[in-house]
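**Student:** Please see the structure below; I have some questions.
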Amino acid sequence: MWATSPAFRRQLVLLRSFLPPSPPHPSSSVAGRFAPASYSSGSSSSLRASHAMAASAATVYEADAEAVVRRITPPLDRARHKGQAGKIAVIGGCREYTGAPYFAAISALKVGADLSHVFCTKDAATVIKSYSPELIVHPILEESYSVRNEERASVSSKILTEVAKWMERFDCIVVGPGLGRDSFLLDCVSNIMKHARQANIPTVVDGDGLFLITNNLGLVEGNPLAILTPNVYEYKRLVQKVLNCDVNEETASEQLTALCQKIGGVTIMWKGKADVISDGKTVTQVSTFGSPRRCGGQGDILSGSVAVFASWAQQFILSNEQPTEKRVNPMTLGCIAGSLLLRKAASLAFEKNKRSTVTTDIIEFLGKSLEDICPAEH
């Protein structure tokens with residue numbers, strides 16, 4: 001069985017050595033065994049095999065998240081030039097939703113990326129630009145209402161051509177914040193995701209991007225550079241779609257591992273009281289307390305932060321020149337670091353603002369939270 005193979009054990013040992021773990025949390029609901037009976041009778045033998053692999057891989061370890069942040073955050077070096085600390089793009093923003101792409105993009109800058117772009121619809125562009133002059137905003141996406149049926153193919157091709165001019169410059173893209181569910185817009189974004197995959201660009205999928213991929217799993221299947229960040233409702237829909245069952249809290253870690261394996265190679269961060277992260281091989285969690293305030297927009301902060309940390313982690317892993325089979329998954333490291341930073345920033349914001357805490361308050365504490373963990377002069 002693959003889960004007992006030398007390759008699997010080597011990956012697990014490497015991740016544990018990179019992230020000095022605490023023992024599995026004794027009260028965690030993600031430490032049970034897999035219950036095959038919770039799946040439909042139509043499950044295939046390959047899925048049953050993934051269940052067995054999941055059961056062996058699904059012990060949950062508390063990540064040493066501060067160690068991860070210190071390890072992957074690049075030093076501030078006078079010899080570096082603009083762009084070397086990260087170039088991030090957010091694909092999202094439409095008439096109804098302009099805040100989410102802004103939150104994700106500005107958070108990427110506040111964490112430490114050098115450049116942050118937003119690709120949005122024309123209706124959203126002026127609004128997003130008005131929020132901050134720091135963002136590079138591209139008003140190139142279109143919704144159905146603005147495109148005649150006979151023009152759709154040519155407009156879609158034009159949009160992809162425009163985005164493709166920029167794609168290889170980016171270290172990571174975020175798909176979904178403020179995207180909406182317009183059918184034509186989603187089709188265009190599907191093409192953008194396919195192009196990003198061909199260009200080997202890490203992709204964080206959140207918000208309406210998760211709605212898109214849940215209905216078109218081929219966009220992320222077998223992509224080790226894809227990160228999915230579902231909340232409880234998005235995760236439920238994903239489990240029902242992929243595993244054909246409901247979420248089982250008693251076997252949550254095994255179910256999460258099986259979900260990653262079934263999709264094939266993706267990293268999933270299941271957001272909640274503890275953020276639980278798996279790439280189908282290992283399961284880690286970040287349970288540092290953040291804030292009891294659940295204002296909207298915190299997921300957008302997280303997606304932008306994870307994008308930056310994932311790109312930094314990838315640079316860190318590649319610079320160590322380890323053989324491929326010995327490398328820790330940089331997407332997992334990016335999730336761990338992003339989760340911790342948001343929680344720290346939310347805690348500081350709540351300490352100051354209490355019930356009036358909003359997303360912009362949390363964003364303002366991202367810099368201090370990173371500085372507390374990893375001082376700039378070091």
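Just so you know, glycine gets a Cβ as well, placed from its N, Cα and C.
TrEMBL labels come from automatic prediction, so no person has curated them.
Relevant sequence annotations retrieved from TrEMBL are reproduced here:
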BINDING   GLY178, ASN231, VAL232, TYR233, GLU234, TYR235, LYS236, ARG237, ASP300  (6S)-NADPHX binding site
BINDING   271-275, 290-299  ATP binding site
DOMAIN    65-373  domain 'YjeF C-terminal'
**Student:** For GLY299 (ATP binding site) and GLY178 ((6S)-NADPHX binding site), what Cα-Cα distance in Å is obtained after rounding to a whole number?
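**Tutor:** Answer for this pair: 11 Å between alpha carbons.
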**Student:** Cβ atoms within 10 Å, counted per site: which of GLY178, GLY297, GLY299 has the most, among these binding-site residues?
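**Tutor:** Answer by Cβ density within 10 Å: GLY178.
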**Student:** Starting from each candidate's C-beta and looking 10 angstroms out, tell me which of the binding-site residues LYS236, LYS273, ARG293 has the most other C-beta atoms.
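**Tutor:** Checking each of LYS236, LYS273, ARG293, the winner is ARG293.
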**Student:** Taking 10 A as the limit, how many CB atoms besides its own sit near the CB of LYS271 (ATP binding site)?
**Tutor:** 20
**Student:** Counting Cβ atoms within 10 Å across all protein chains shown, which of the binding-site residues VAL232, CYS295 comes out on top?
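**Tutor:** Sorting the candidates by Cβ neighbours within 10 Å, the top entry is CYS295.
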**Student:** Provide, as an integer number of angstrom, the distance between the C-alpha atoms of LYS271 (ATP binding site) and VAL232 ((6S)-NADPHX binding site).
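**Tutor:** Counting only the Cα atoms, the answer is 7 Å.
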**Student:** Most Cβ neighbours within 10 Å: which of the binding-site residues GLU234, ASP275, ASP300 is it?
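**Tutor:** Buried the deepest by this measure is ASP300.
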**Student:** Would you give the longest CA-CA distance, in whole angstrom, between residues of GLY178, ASN231, VAL232, TYR233, GLU234, TYR235, LYS236, ARG237, ASP300, the set recorded as binding (6S)-NADPHX?
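**Tutor:** Overall maximum Cα spacing for these binding residues reaches 20 Å.
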**Student:** Find the shortest Cα-Cα separation between GLY297 (ATP binding site) and the binding-site residues GLY178, GLU234, LYS236, and name the residue that gives it.
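**Tutor:** Given the candidates GLY178, GLU234, LYS236, the nearest one is GLY178.
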**Student:** Where LYS273 (ATP binding site) and VAL232 ((6S)-NADPHX binding site) are concerned, what is their Cα separation in Å, rounded?
**Tutor:** 10
**Student:** Roughly how many Å separate the Cα of ASP300 ((6S)-NADPHX binding site) from that of ASP275 (ATP binding site), to the nearest whole number?
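**Tutor:** Cα of ASP300 ((6S)-NADPHX binding site) to Cα of ASP275 (ATP binding site) measures 15 Å after rounding.
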**Student:** For the C-alpha pair, I'd like the distance in angstrom between LYS236 ((6S)-NADPHX binding site) and SER291 (ATP binding site), rounded off.
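**Tutor:** Pair distance, Cα basis, whole Å: 24 Å.
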**Student:** Can you figure out which of GLY178, VAL232, GLU234 (the binding-site residues) comes closest in space to SER291 (ATP binding site), comparing Cα atoms?
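**Tutor:** The smallest Cα gap between SER291 (ATP binding site) and any of the binding-site residues is with VAL232.
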**Student:** Could you please provide the mean pLDDT value for the domain 'YjeF C-terminal' (65-373)?
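**Tutor:** Here the mean pLDDT over the domain 'YjeF C-terminal' (65-373) amounts to 96.
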**Student:** Roughly how many angstrom lie between the C-alpha atoms of ARG293 (ATP binding site) and GLU234 ((6S)-NADPHX binding site)?
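**Tutor:** Distance between the two Cα atoms comes out at 20 Å.
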